[in-house]
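Chemist: According to TrEMBL, the protein has these features:
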type	residues	note
BINDING	ARG104, GLU172	substrate binding site
BINDING	GLU172, ASP202	Mg(2+) binding site
DOMAIN	39-270	domain 'HpcH/HpaI aldolase/citrate lyase'
Amino acid sequence: MLLRFIATKTHRRISFCEGPRTNGCRKWLSTTSKRSLRRSYLYVPASSDRMLRKSLETPSDIIIYDLEDSVSPTRTDKDAARDRLLNFLSTTEKLPAPERIAVRLNSVNTEHFVEDIRCVMSIPAVATIVMPKVDHEDHLGHVEQEISRVIHSNPGFRTQRPETLSVVASIESAQALWRIGEISQWKSKTARLSALLFAAEDYCADTRIARTKSRQELLYTRSKIVATARAFGLDAIHMVCVDYKNLDVLADECADGRRLGFDGKQAIHPNQVDTIHTTFVPSPAEIMRAAQILKAMESAHSSHKGAVGLFVNGRDEMIDAPMLRQVRVFARPPPEMIKANSVAKIGPANHSTRKASRTTHRAL
């Protein structure tokens, strides 16, 4: 069955139509949240006029204009990149929407940070800053202090920038991972923490981890980042695929990251964006399975049962409250598809399923 996806996603909730776009589907789409997609995060060096102009053409959900690693570390080059970015974002007529624009600053421990934050705060088009090398909560405290100084020195600031600045914290060291809970609890009146980003190469350098293609050496770290992000209501952003010309490697990394629970992935080349977009959404098979589960549980509840056996994807599964919660946040189909779904075989399929159905009755 052909499913056509529509780019309207909230947390991991995807709006889609089956076949032609109908009024019913449009009506369902209009009821979903307006939160923008945040699957891809493309880095664009602020040191290149050509790349700045090309950034206007990218479909990347988030564009990260970079003042840090992609710029030479000399004071002259850092200042030039900052001025170039300021001019570009201040004079370009048709910029992407503010929620798509982010700037990666230099870390709070550098001489460039104060000028970076003052520059970014003067550009209303920038909604998000990416803070590298956040080792502990105090680093975010420095960000808050500088933002407050800018606000107090500019009485008209709130009129120019009514929205609170969003902050993405980059996890790059053993100290950062050790204190990730403290970092994630950071609160501020002048900015809000929105995501945790995993900088894998920096982390490996700090921890002496030898990188492999399997990524298993980073399984604990990545799982820890996702679990912490979920605990504090933050997005989790997967690491960069440095093999930027090999889209098969990228697709494998994307699938791996999505299975672990990441919301999106960083990109270092425009050619990586489409692969990230097609991976960080539920597949047609996943959405069909979600429809079957919702239909099965609807029937089970009508029969005063909290669990039911379901034959799906060629095997018998026991469906109960936890699985129902998973599909509701992961790949929820529209009500029309639940009603129309006739693929699911509802009911106990074998002895173990029948036994579980009799003994498992959970109120949802």
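Glycine residues also receive a Cβ, built from the backbone N, Cα and C atoms like all the rest.
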Chemist: To the nearest whole angstrom, what is the C-alpha distance linking ASP202 (Mg(2+) binding site) and GLU172 (substrate binding site)?
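Modeler: GLU172 (substrate binding site) has its Cα 5 Å from the Cα of ASP202 (Mg(2+) binding site).
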Chemist: Let me check the 10 A CB neighbour count of ASP202 (Mg(2+) binding site). How many other CB atoms are there?
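Modeler: Summing over all protein chains shown, ASP202 (Mg(2+) binding site) has 18 other Cβ atoms within 10 Å.
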Chemist: Where does ASP202 (Mg(2+) binding site) sit in DSSP terms: helix, strand, or coil?
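Modeler: DSSP call for ASP202 (Mg(2+) binding site): helix.
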Chemist: Are there any residues in the same chain, six or more apart in sequence, whose C-beta is under 8 angstroms from the C-beta of ARG104 (substrate binding site), and if so which?
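Modeler: Within the chain, ARG104 (substrate binding site) has Cβ neighbours under 8 Å at TYR43, ILE64, TYR65, ASP66, LEU67, GLU68, ILE129, VAL130, MET131, PRO132.
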Chemist: In three-state terms from DSSP, label GLU172 (substrate binding site) for me.
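Modeler: Coil, per DSSP.
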Chemist: Other than its own, how many Cβ atoms are within 10 Å of the Cβ belonging to GLU172 (substrate binding site)?
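Modeler: There are 24 of them.
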